[in-house]
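Everything below concerns the one structure shown next.
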Amino acid sequence: MANISSPFGQNEWLVEAMYRKFRDDPSSVDPSWHEFLVDYSPEPTSQPAAEPTRVTSPLVAERAAAAAPQAPPKPADTAAAGNGVVAALAAKTAVPPPAEGDEVAVLRGAAAAVVKNMSASLEVPTATSVRAVPAKLLIDNRIVINNQLKRTRGGKISFTHLLGYALVQAVKKFPNMNRHYTEVDGKPTAVTPAHTNLGLAIDLQGKDGKRSLVVAGIKRCETMRFAQFVTAYEDIVRRARDGKLTTEDFAGVTISLTNPGTIGTVHSVPRLMPGQGAIIGVGAMEYPAEFQGASEERIAELGIGKLITLTSTYDHRIIQGAESGDFLRTIHELLLSDGFWDEVFRELSIPYLPVRWSTDNPDSIVDKNARVMNLIAAYRNRGHLMADTDPLRLDKARFRSHPDLEVLTHGLTLWDLDRVFKVDGFAGAQYKKLRDVLGLLRDAYCRHIGVEYAHILDPEQKEWLEQRVETKHVKPTVAQQKYILSKLNAAEAFETFLQTKYVGQKRFSLEGAESVIPMMDAAIDQCAEHGLDEVVIGMPHRGRLNVLANIVGKPYSQIFTEFEGNLNPSQAHGSGDVKYHLGATGLYLQMFGDNDIQVSLTANPSHLEAVDPVLEGLVRAKQDLLDHGSIDSDGQRAFSVVPLMLHGDAAFAGQGVVAETLNLANLPGYRVGGTIHIIVNNQIGFTTAPEYSRSSEYCTDVAKMIGAPIFHVNGDDPEACVWVARLAVDFRQRFKKDVVIDMLCYRRRGHNEGDDPSMTNPYMYDVVDTKRGARKSYTEALIGRGDISMKEAEDALRDYQGQLERVFNEVRELEKHGVQPSESVESDQMIPAGLATAVDKSLLARIGDAFLALPNGFTAHPRVQPVLEKRREMAYEGKIDWAFGELLALGSLVAEGKLVRLSGQDSRRGTFSQRHSVLIDRHTGEEFTPLQLLATNSDGSPTGGKFLVYDSPLSEYAAVGFEYGYTVGNPDAVVLWEAQFGDFVNGAQSIIDEFISSGEAKWGQLSNVVLLLPHGHEGQGPDHTSARIERFLQLWAEGSMTIAMPSTPSNYFHLLRRHALDGIQRPLIVFTPKSMLRHKAAVSEIKDFTEIKFRSVLEEPTYEDGIGDRNKVSRILLTSGKLYYELAARKAKDNRNDLAIVRLEQLAPLPRRRLRETLDRYENVKEFFWVQEEPANQGAWPRFGLELPELLPDKLAGIKRISRRAMSAPSSGSSKVHAVEQQEILDEAFG
C-alpha cells in the first residue's frame, strides 16, 4: 500500500527518483533539494526491480508453469476491511501469462507511483457531487480580460485561473471541504489545516519524450487576491516546467483541482488521495448534447450557452453530500456573481465593467435592432467616459463606465452578444454580431484613446472622424516601434542625466510625461509628410528643455552651458532669461520618409498660456509672408505653417487667455488654419488637484466652444500617442481647424525639482513613486506582446545607455565662460541719421482720391459720404484732421510696399466714428477698402504693399498678444493694435510686461508692434479716461520701446512713418486723442506732411513762426497731448505773453537734446512746471518728477507739478467734478 504518512502524496515517486539521482551524483539535483535528500529514506519496495523480459515461446512458458508446484486456490475473504473496502478486492487476481512477442516491464517512477497511489485511494471511501454550471459569463469575461491584456502587457488568464480562484473563495465559506481524515492513537480524526493549499495537476514532458504528472501546491491561497493567485499559479507552473520545484511545493496539499476538460472529457470522477478531503474535477465546456448539431445562428437565437460540469469527489467519512453540493452551488453562484468578476477585473487593472449575468430579453429582433443603433450612438457620444486614459488609476475601485454605455441599459444582454443585428453601415457593414459591434466600439472609443466629437456641428467632420476612429488601427511596424522606443530612450536619458548632474536645480522635468516626445515627433513628421513649410511650437516651461534637445535639436552643450549659469555669448547684451524660457530653431528630417520641415520654438515667460496668442500671431505672419499656393485643392488657404501648442491641464482650464485665443481660431483676421494643441495633463496644478481647479469634467471642455475634436490619450501608451498625433495633423489639414490632444500622464517630481509633492498629495505620490516609467513600461509591453524579442529590447537599452554616454561626453567638452554683469540693449539699435518721412503732395492727393474711387454701383452711407468728400478736399487744400493724417501715413506706407495691419475693437470704423477705413454699401453690405488701392501703382503694377484692417474680438490679452506675435513673424510689417479706450489695455498687461516691454532684453526677441491707446480726461468717468501712461513709463528702460503722445496730425503721421522706416524693431506706444479728433485747432497743413519730419518737442506756432517774443517768457509750461489746446486757449484768452507752452511729443526715451535746444531759446525763464490732466500719482509725473531734474539739472532741478491730486482712480465719475478739477489745473497754470 502507499505510504500515506508521506507529505508528498502522489508526488512520492518524483522524490524517490530525485533521491536516486542525488545518491549517484549530488550535483545533478537542484541545490534546494540537498538538505532534504541527505536525510531522506525511501520506502523499501516489496520486490526487487526486474528488467523487461521477452517471452520467446508459449510452449516454454507452459512447461515452466507445469513444472512449478501449484497451491490450491484459497476461498475469497469476504470480510470487510475497517474502512469498508472488501479485502478480497485487494488480493491479486491470477492473470494469464503474456503471449509470445509481448513486452513485459516492471513499472517504475511515475507509473509505479500511479499504481501505488491508486491502490491507496481504494482505502478512501468517496462520493461525488456533480453540477452543471453555465459557462457563458465565464467565456465572455475571459474574452474581455485577455483582449485587454493582449493590448497592454501581454499574457493570458486561463479558465483554470478563474475556476481555481472561485474554488478557493468557496472553501472560505465551506472550510470542511479543506479537511482530511487520519487516525491519531488509533482513533478516527478530522484535521482542519490552518491554510488552503490548492494542488494543481501539471503535465510534464521529460527529455525522453515521456509524460508524467506532478501535483504542486499553491500555498495559503485564502490570503491571496486574484492577481496574487495568478502570479503564484504561474510561478508554480513555470518552475515545474523548468525543473525548479522544491520539496515545499509538493508538501501539504489540502484540496486539489483537476481539469480533464482540456482533453474533451465532459464529466470525471477523479480518485482522492489520502491526506486530502476533496478533489474538484472540471469538465469540458460544451453545448448541451441535444444542441450540438445546431448552427451557431440557431444557438444564438435560442439563447443556448455552453455548460461546464464540475464534480466534487470527497471523503465521505468527514464530508457529507449536502456540504459538497452546497460547495459546488457556491462556486456556481460565484461564477455568475457581479462581486466575483468586479474583484477579478480590479485586480487585473481591467478598467471596464465586467459582462453581467442576466436572463435573456424576449423582445423582438426588430426592436433590438433599434437598441443596437442607440448603443452605437451612445458610444460615439459617451465612449470617452469609459476610456482607459489615466496611467495612474488613482481610484482603482472605480470602473470606467457610464450607464449609457451598458448593454443592459439598452435592453440587451449577454445572450444577444452572438446574435446578428442590422447596423446600417457601421464599420462598413450592414449586419454584425453584437459581440463584434461592441468590440469595435470599445476599440474605437474606450481603450487608451477617448474621442470627443459629438459637439461638432459639421456632419462631414463627424463622419470623417467616425471613419478614421472606427477603422481598426494599423499596428506600427517593428521598425516604427523601435523608433518610438528610441524617442522615449532619448527623453528619459536627458532627464536622468540632468537629475544626476544638476541635483536640485530647477528644470521643470518632463518625467512622467515622456510620451509627449514621440507624440510631438509624430505630429511634426506628419506635417512633413503633408509637405508643409514649418512647425512653430509654443509651450510652457514643463519639459521645455527636453523639447529643445530632442525635438528642435538644440545642442546639449548649449543647454548645459545655460545650466552652468552662462548666457549665450551671441546674446551678450540684455538681462537674459532662465534656461527653460528660451527659444530655438532647427530642421526636422523624416525617419521613414524623404521630406524635411523647419521647426522652431518661440520664447515664453512663466506666465502660463501667455505665449498662446503670440504663437498664433507669429504663425499668421509667416503664412502671410509665404503666400505661396495660397489656395489649396479645396478652395481654402494653404496654411503651410502649423502652430503646435503645448499646455498644462490646470492652465488650460484656468487661464482666460486660452478661451480668448481659441476664439481667434476661425476669425478672418486671425485664422491660421488650425492649431495642434497638446495638453500635458499631469493631473495636478502645482499642488492643486483637478477637483479644486476646474468645474468641468475635462480640462479640455473649453475647446468645445470652437468645435475642435478632442482626443484623450493615455500617456503610458506611446503608440496611442503617436497615432493620435498623426490623426490630429490629418484632421487639421483636411478641415483647417484646431485639434486638441489631452495626454494624461503624471509628474514624477514636484512642481520643480526642489519641491516635495507628497506633502500635499501623498496618495498620488505613493502611486507615482512605485510606478514604472513610460520607457520601461513600453519595453515590457513590447516583449510581453511578442512585438520585439528580448535581444531587441536589450539593444534598445544599450541605445539608451549610449545616449547617456553621449550626453556625458558633450558635457566634458564644455568651455566655461566667465560671468559678467549684463549690458543694456539700448545701443544695439540706433535711429539712422537723416531719415526722411515726408512724402510728395501727389501721394497725398492720390490717397484722398482713393476715398471717392468707389466701385460702380456702390452706395456709401449718407452719413459717411460727406466724410469721404472732406478727405479728398483735405488732401488738396490742407486742414488735415487726425483721422485722415493717420490714414495718409498708412496709405503712404502701403504705396511704398509695406504690409500694414491694423486691428482692434471697432477699428475699421473707429470707436469714435473717425476712421472709416472700410466702407459698407448702404444697400448690399458690400465692403470697399480705399487704402487697398494704394497697393497698385498708377501703371497697374503691384507695389508689394497690403492694407489689412480687422475688427478684433472683444479681447485685449489675446488680441495684443497676437499682434505682437505677428511682428515677430514678419519684422517688416507695420502692425497696429488699437484699444477701444486706452483704459482697457490693462486687460493685456501680461503681454505688455512679459513681451512688449522686455522681450528684447530677455530673449533678444524683437518687435515693432504699435499700440494706439485713446487717452484723455473728458469727464467720461474713471474707465474711459486713462491709458495709464505711468505704467508704460515705469516699464520703459534700455530703449525698450518708444512712448509718444503727439498733439498734431502731421506729427502723428511722421511718428508712424519713422517707426515703419527706421529699421529699428522696438514697440511704439501712442497715446491717441478722443475729443481732439475733431478739435478745430488740431489740424495740419499739407506742407507739414511734405516738408518736415517727426519732432519730439514742439513749441507754440507763434514762437516757431517768429511772431512771439521768447525774451518775455518767464514761465514755461511743459505738457503733452490734448491738454495743450486747453492751455493755449486759456493763454490766448488771458493774453499771457510771459508764459510759453512746450509740448513733449515723445515721452520715452526723453528727447534730451531736443528739449535742451528748445528750452535754451528762452533765456529769461524763472519757473518750469509740468502740467498734466492726470492725478499726481499717475500720468508722466511719477517718472518725470525724478528724470527731468536729472536730465537737465541746470534748468529743471526745481520743476514743479500742476495736476489733479493723487487719486486711487484715474478720474472722478462726475462730469461736473471733472470740469471743476480741469478748471483748477488751468487756473494754477496761469496763476
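Note: Cβ is positioned from N, Cα and C throughout, glycine not excepted.
Listed in Swiss-Prot for this protein:
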ACT_SITE  H316  active site, proton acceptor
BINDING   R542, S606, L608, D649, A650, A651, N682  thiamine diphosphate binding site
BINDING   H581, S606, H1024  2-oxoglutarate binding site
BINDING   D649, N682, I684  Mg(2+) binding site
BINDING   T1042, R1058, K1093, S1096, Q1146, R1153, R1154  acetyl-CoA binding site
COILED    787-817  coiled coil
COMPBIAS  24-37  compositional bias 'Basic and acidic residues'
REGION    1-41  region '2-oxoglutarate dehydrogenase E1, N-terminal part'
REGION    24-56  region 'Disordered'
REGION    42-88  region 'Linker'
REGION    89-337  region 'Succinyltransferase E2'
REGION    338-1231  region '2-oxoglutarate dehydrogenase E1, C-terminal part'
Would you mind ranking the recorded positions H316, R1058 by how many other Cβ atoms sit within 10 Å of each Cβ and giving me the lowest?
H316
Close in space, distant in sequence - R542 (thiamine diphosphate binding site), Cβ under 8 Å, 6 or more apart:
F508, S509, L510, A513, G648, V680, N682
On average, what pLDDT score does this prediction assign to the region 'Linker' (42-88)?
41
Spatial neighbours of S1096 (acetyl-CoA binding site) that are distant in sequence (at least 6 apart) but have CB under 8 A:
L1144, E1145, Q1146, P1151, R1154, L1155
Neighbour count (Cβ, 10 Å) for Q1146 (acetyl-CoA binding site):
22
Determine, using Cα-Cα distances only, which of these binding-site residues is closest to the residue listed as 'active site, proton acceptor': L608, A650, I684, R1058.
I684
C-alpha of I684 (Mg(2+) binding site) to C-alpha of L608 (thiamine diphosphate binding site): distance in Å?
14
Nearest to R1153 (acetyl-CoA binding site) in three-dimensional space, by Cα, is which of the binding-site residues L608, A650, A651?
L608
Determine, from DSSP, whether Q1146 (acetyl-CoA binding site) sits in helix, strand or coil.
strand
A651 (thiamine diphosphate binding site) and T1042 (acetyl-CoA binding site), Cα-Cα, nearest whole angstrom:
33
Set of same-chain residues at least 6 away whose C-beta sits under 8 angstroms from H1024 (2-oxoglutarate binding site):
F981, D983
Largest CA-to-CA spread of acetyl-CoA binders T1042, R1058, K1093, S1096, Q1146, R1153, R1154, angstrom:
18
Can you tell me the CA-to-CA distance separating K1093 (acetyl-CoA binding site) and D649 (thiamine diphosphate binding site), as a whole number of Å?
51
Within 8 Å of the centroid of the Cβ atoms of D649, N682, I684, which other residues of that chain place their own Cβ, given that this set defines the recorded Mg(2+) site?
G648, A650, V680, N681, Q683, G685, P690, C745, Y746, R747
If you count, for each of the binding-site residues S606, N682, T1042, the other Cβ atoms lying within 10 Å of its Cβ, which residue has the minimum?
S606
Between R1058 (acetyl-CoA binding site) and S606 (thiamine diphosphate binding site), find the distance joining the two CA atoms and give it rounded to the nearest Å.
34
Enter the number of other CB atoms within 10 angstroms of the CB of R1154 (acetyl-CoA binding site).
16
Under 8 Å by Cβ from A650 (thiamine diphosphate binding site), counting only residues of that chain that are 6 or more apart:
I684, G685, F686, T688, P690, S693, R694, C699
For the thiamine diphosphate site made of R542, S606, L608, D649, A650, A651, N682, how many Å separate the two farthest Cα atoms?
18
Minimum Cβ neighbour count within 10 Å among the binding-site residues K1093, R1153: which residue?
R1153
